[in-house]
């Protein structure tokens, strides 16, 4: 049983690293297009707070250095994602993202560290941080729900990255198995939630995977129907100047 839990723990760490790296294609697209379009920053902000809490947990609980190392890597990756989002997002979205990041990733994390350091000791401190980390895991896994609503509304999965959804599903499933093997309810509940939400996201992919192409074709047809017979160079020049500013 111990060997099985160790194996699933190692696999879980590998999958966690892959999950942290899964949004790379999304941000490469953002960099190339110089726009965040309809992508949401909430999953990355929530994941940063989650990694910060689990890194703190790994440093205060003996024998959990692997947890601290993996989530420390996650902190670095998520900070890079958020910086890129702030660079390429529209001004209004940039402001909201910055405010949300400060509240969740700075204020709440600092409050959690200060409270547990001052009020708790030993196992009580690590247990409290573990509970907070479990709660944040649920928030992290639930963060794509707003994007899922967009998928249903637009009937397109263009703005719900497949790799992130896939690794949420895989990560939640592996850590759920690990939690069952070690009989850890606190670890099992959030990862079971992640497993179910990941399965729901993959289900939406199966339903709407061709939706983006159909929407684009529909827009193209509508554009061709409303295209003027005589071009208007002055208006087009004005539009180019508008988008350039």
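Cβ coordinates are placed from backbone N, Cα and C, and glycine is handled just like the others.
Note that the coordinates shown come from a computational prediction; the quantities given were computed from them, not determined experimentally.
According to TrEMBL, the features are:
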type     : residues : note
TRANSMEM : 6-28     : transmembrane segment
TRANSMEM : 40-59    : transmembrane segment
TRANSMEM : 65-87    : transmembrane segment
TRANSMEM : 99-120   : transmembrane segment
TRANSMEM : 126-147  : transmembrane segment
TRANSMEM : 159-181  : transmembrane segment
TRANSMEM : 187-208  : transmembrane segment
REGION   : 225-245  : region 'Disordered'
Contact between the transmembrane segment (187-208) and the transmembrane segment (126-147) (3 or more Cβ pairs under 8 Å, separation 6+):
yes
Determine which residues of the chain contact the transmembrane segment (159-181) at the Cβ level, with the cut-off under 8 Å and only residues 6 or more beyond its ends counted.
1, 4-5, 8-9, 11-12, 15-16, 18-19, 22-23, 25-26, 37-40, 43, 141, 144, 147-148, 150-151, 187-188, 191-199, 201-202, 204-205
Applying the under-8 angstroms CB criterion, which one of 40-59, 99-120, 126-147 scores highest with the transmembrane segment (65-87)?
40-59
Non-local residues, at least 6 beyond the ends, that sit with Cβ under 8 Å of the transmembrane segment (99-120)
41-42, 45-46, 48-49, 52-53, 56, 82, 128-129, 132
